[in-house]
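One structure below.
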Amino acid sequence: MGSSGGDSSSYPTESEKLMLASQTRLTKNQVSNWFINARVRLWKPMIEEMYREEFGESSENMDPSLASSSVGREGNSDQADD
């Protein structure tokens, strides 16, 4: 779909969004949001798998966005002890 650069199958043109909106009785905004959400659904598992490969299976439940600040250089937590 589309030729707006990048992965053309996940980035429809404005005219394609309008055509899809008309065919599905959705708004153009709803069609755009569907494509945004679909890209997230596709990318999130790939990113999580890359994270597991990089940091090991033991950190499976850790949020990758928090990993860089959760452990200090010597393995101590950055948070103060209670």
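First residue shown is number 1, and so on along the chain.
Backbone N, Cα and C atoms are what each Cβ position is placed from, and that goes for glycine too.
If you look up TrEMBL, you'll see 11-46 marked as DNA-binding region.
The compositional bias 'Polar residues' feature in TrEMBL is assigned to 58-71.
According to TrEMBL, the domain 'Homeobox' annotation covers 9-45.
Annotation source TrEMBL lists region 'Disordered' at 54-82.
For the DNA-binding region (11-46), the predicted model reports an average pLDDT of 94.
DSSP labels the residues of the domain 'Homeobox' (9-45) in these numbers: 29 helix, 0 strand, 8 coil.
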